[in-house]
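What Swiss-Prot says about this one:
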ACT_SITE  126  active site, acyl-thioester intermediate
BINDING   11, 12, 13, 14, 157, 158, 159, 160, 161, 162, 163, 164, 165, 276  NAD(+) binding site
């Protein structure tokens, strides 16, 4: 089967985990990994797996006679904002795993196929990938005037990039709750849990709903979205059934549905407790595969 050629820009933990997922893909063939640290473990692992590697950054990749069909970038927002127009000029499609948000945001269960023609798509945040689908599941059944998510992740799984971008995380995720999740107003909170041994990612999703909402339909919609996510993140699961509460002072006089989920990683490179990172690489792979299928069908 013909596969779309892929370059991974970035050689850190996320890029390395992504590499293992891409290698299993029926549609994507990782051939290059680009970094800036010649001693990085990611580049060393990529070389052992037969990829062409360079520590000379994006300039090296764009100067190669053969260009990739897709690039997955897991560097920083600043680096990707600089590189994105260069990828587009070279005819390379980009899947952005940084907070740069140059292109439209994609959450597979909600809007996977809406932006397959875009030159650049953004994967929002780990918290967004884990929680926005649940908001979407509720909002496609009833109006959601307000939604709030709390993402709790192991502190050791949050690298310097995550810590430096907490404000961007909350703003980007909150915006995604509204624009993709379908809530009229959204709020996001992230908690870095220092527990040892590290805890698996856990998320709480609150949605305000009409008092007379069809609770069975909402529950069914949530279960269907969870099943969709489990196709590419097997460790994604509900901790219990969605909980419905009647209007109260605590909820601002609105009825609510609360959903609790946890995300256990596949353990490809990152440890299983780092489900917050695993769901990003898994979702990016899913999006890349859909883009590749469209590219290859056009070429055929």
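Note that Cβ sites are derived from N, Cα and C of the backbone, with glycine treated the same way.
Sequence features annotated in Swiss-Prot and their locations in the structure.
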residue	record	Cβ neighbours (10 Å)
11	NAD(+) binding site	28
13	NAD(+) binding site	19
126	active site, acyl-thioester intermediate	30
157	NAD(+) binding site	24
159	NAD(+) binding site	12
163	NAD(+) binding site	11
165	NAD(+) binding site	18
To the nearest whole angstrom, what is the C-alpha distance linking residue 159 (NAD(+) binding site) and residue 126 (active site, acyl-thioester intermediate)?
13
From the Cα of the residue listed as 'active site, acyl-thioester intermediate' across to the Cα of residue 163 (NAD(+) binding site), what is the distance in angstrom?
13
Taking only the Cα atoms, work out how far residue 126 (active site, acyl-thioester intermediate) lies from residue 157 (NAD(+) binding site), in Å, as a whole number.
11
